[in-house]
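Data block below; observations after.
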Amino acid sequence: MSKDSASTHTGDSEKIYKDLSVKRSSIKGQITKFRNYLTNVASKAELSNIKLTELNLKLAKFEALSMRFDDLQNELDVLNADNIEVEIEERSDIEQDIILLIATAKDLTNERNSVIDNSCCAGHLVGQREIGLKLPQIQIAKFDGAYFRWLEFRDTFENLIHKNERIPSINKFHYLMSYLEGDAARVISNLEISSANYIEAWKLLCNRYDNKRILINQHLNSLFNVKQLPRESERSLRFSVDHVTKNLRALASLGQPTDKWDVLIIFMLSAKLDATTLLKWEEFRNNLEGDVPTLDQFFNFLTDRADVLEALCRNKHDNGISKPQVSPARNNNNNNNQRSSQNIYTKSFANLNTKNNKSGNYSCIICNENHRIYDCSTFKSKGIDDRMNDVTKYKLCINCLRQGHPAAECRMGPCRECKRKHNSLLHRPSSSVNHVVAVEEEDEPRESIVNFSNQCANQVLLSTAMTEVSNPLSQQKVKVRALLDCGSQSSFITQSLKTKLSLCSKPIDSLKVIGIGNNVTNNVVETCNIYINSVHDNFNLSMSCLVLRDLTGSLPKTPINICSLKLPANIQLADPTFQQPGPIEVLIGADVFWNILGNEQKSLGTNGPKLISSKLGWIVSGPIGLTSSLKTTHSNHVSLSYSQNEELEKYIKKFCDLEEVPNKLAISENDRICEEHFLQHTKRDHQGRFCVRLPPKDAPDCHGDSYRLARRRFSYLEKKHFDSIVIPC
């Protein structure tokens with residue numbers, strides 16, 4: 001290498017070394033600046049949340065500066081290898097300053113956080129000492145998108161979380177996501193969870209549900225759709241007052257002049273009262289001083305009326321369960337007297353009913369009208385199970401439906417249907433009622449214990465899932481419950497769902513839907529295409545469905561208590577409300593069933609249902625270990641019979657049979673004679689040619705007696721034409 005090139009290389013290295021030294025000096029300046037900042041922070045007694053966040057950000061930036069210094073110093077060590085001891089000493093001094101400052105900053109951060117935590121705990125403990133008890137944790141109810149729940153959720157979330165400056169924004173976002181479900185969760189599902197997006201998420205939610213017009217309409221609809229009270233009941237009266245009050249307060253918070261609606265609300269709610277309560281209200285209103293009663297007076301009347309009914313019901317219940325002490329019989333001759341006294345003092349209100357009955361005034365225990373219970377339309381409209389519940393509740397004789405005696409001592413006639421000791425209104429088919437047993441005790445008033453046992457089967461949960469069904473053309477969506485049934489050859493939807501989505505259907509030849517027992521249940525004449533979308537993720541599936549008016553009844557048939565199932569908390573159910581009865585709008589058959597089903601299964605206990613994974617979420621299906629008195633069982637085996645295609649196939653087969661050439665031709669008599677003639681008279685001459693004599697035919701005179709028939713017809717035609725000739729005169 002020449003001296004010129006060596007000097008040039010040395011000059012470049014020196015230039016690079018100087019540039020790196022300048023950068024190291026800049027890092028030293030930033031270290032000094034950060035030291036001054038920490039000194040200023042440490043001198044302050046308290047730090048706000050903003051200052052504490054600023055300290056954390058500066059600390060993170062300073063840690064990145066430490067990594068940059070390490071890379072820079074490595075390059076300087078290489079360039080100044082001759083004086084490496086100097087560089088090592090420089091590195092050691094700067095690294096010592098950096099480590100000390102980072103430790104100081106982290107210590108300040110931890111100290112301030114502990115102060116905040118201690119202050120929060122101290123405040124909480126002070127509050128507990130002031131109140132004298134430990135307060136329970138506040139649980140915020142989840143919001144599913146229902147407008148009438150929005151105001152309650154908004155106010156609670158804002159005061160507990162949104163306006164709490166001690167909670168970081170990222171934590172607020174996580175809290176918000178955990179309290180949302182259904183349509184409300186989908187409003188912010190497209191936002192990435194971050195501190196910057198929390199405010200945007202809350203704004204989106206408020207813009208979606210802070211719709212004053214829709215909120216007012218929802219509360220007005222709930223206010224004016226109060227159900228008619230069938231009979232006088234303290235529960236129904238209290239519910240009506242609470243329901244109306246809740247909606248009026250919500251409307252008032254939305255700026256509506258509810259204080260001027262007294263006459264309107266009284267008129268609307270009084271029309272929903274039962275006849276007895278309405279009569280009492282009219283009497284009460286006539287005794288008021290003013291002409292127009294106020295809403296407070298109306299609510300006070302309903303509340304007082306509910307208090308009276310509750311007191312009467314409690315007094316009646318207390319009297320019903322009390323039993324007087326009767327001295328035992330002294331001798332055997334007093335047994336009959338003892339029994340009669342027991343019957344008299346069984347219940348205090350039974351004697352009152354007896355007196356009323358003697359005077360001809362009957363008070364129905366069900367509706368408080370003036371008639372017997374077996375003439376009560378309300379009692380007759382109930383099912384047998386509900387009637388039995390009323391009999392047990394009011395301690396009635398199951399034979400005559402009166403109070404004061406057991407069925408074993410009843411003198412009324414038996415059931416007209418089965419001649420057993422119970423009322424005809426309580427009659428069940430012989431397969432469902434097994435036995436009625438009367439139990440007598442010597443020292444206690446005799447009671448009748450009635451055991452009704454039905455031929456029950458364990459309830460079985462069928463596979464259901466909540467899914468979004470959409471129109472492939474308009475993308476219109478409807479959330480419905482679907483039944484996943486691998487026993488069906490095809491998929492089905494209801495006619496009502498087809499109408500909701502405005503689906504375009506395609507007519508088809510009539511198909512027979514065949515179920516259990518080879519019974520034809522329906523004929524299908526149209527089909528349509530839909531999209532099945534998961535409510536949890538982006539899974540979707542195209543399906544071709546047959547259209548029926550109804551698929552099945554509500555599933556399950558009765559509400560199910562799932563407290564004992566112990567469902568895992570970290571799973572997404574395909575049908576979160578699988579335990580509640582609901583209509584089935586879609587039946588997913590075996591044509592797509594196996595494309596949806598997953599491979600995982602989880603057991604929920606011995607003789608219990610299973611959790612089965614699927615593209616729509618975890619499906620709950622199987623026996624639940626509860627018995628049901630329902631006398632129906634669901635088997636969704638469905639097969640299709642293509643009736644017109646079968647008829648067409650039958651005709652085609654018949655046509656082919658007619659057109660088919662038979663394997664063996666039928667030989668006529670003349671053909672047989674010709675064949676014999678050929679075999680007898682065929683020979684070969686000397687030139688190799690075949691010679692055969694032609695078979696002669698019979699003479700024409702041997703063809704039968706046709707001459708006379710031909711002549712007779714000729715004479716007939718001749719005469720006919722001769723008669724038709726017109727000879728001119």
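Note that Cβ sites are derived from N, Cα and C of the backbone, with glycine treated the same way.
Keep in mind it's a predicted model, so treat the numbers as computed, not measured.
It is 62-89, from the ranges 34-61, 62-89, 286-313, 538-565, that TrEMBL records as coiled coil. Under 8 Å from some Cβ of the coiled coil (62-89) lie the Cβ atoms of residues 13, 16-17, 20-21, 23-24, 27, 30-31, 34, 95, 98, 101-102, 105, all in the same chain and six or more residues away from its ends. Mean model confidence of the coiled coil (62-89) amounts to 84 (pLDDT, 0 to 100 scale).
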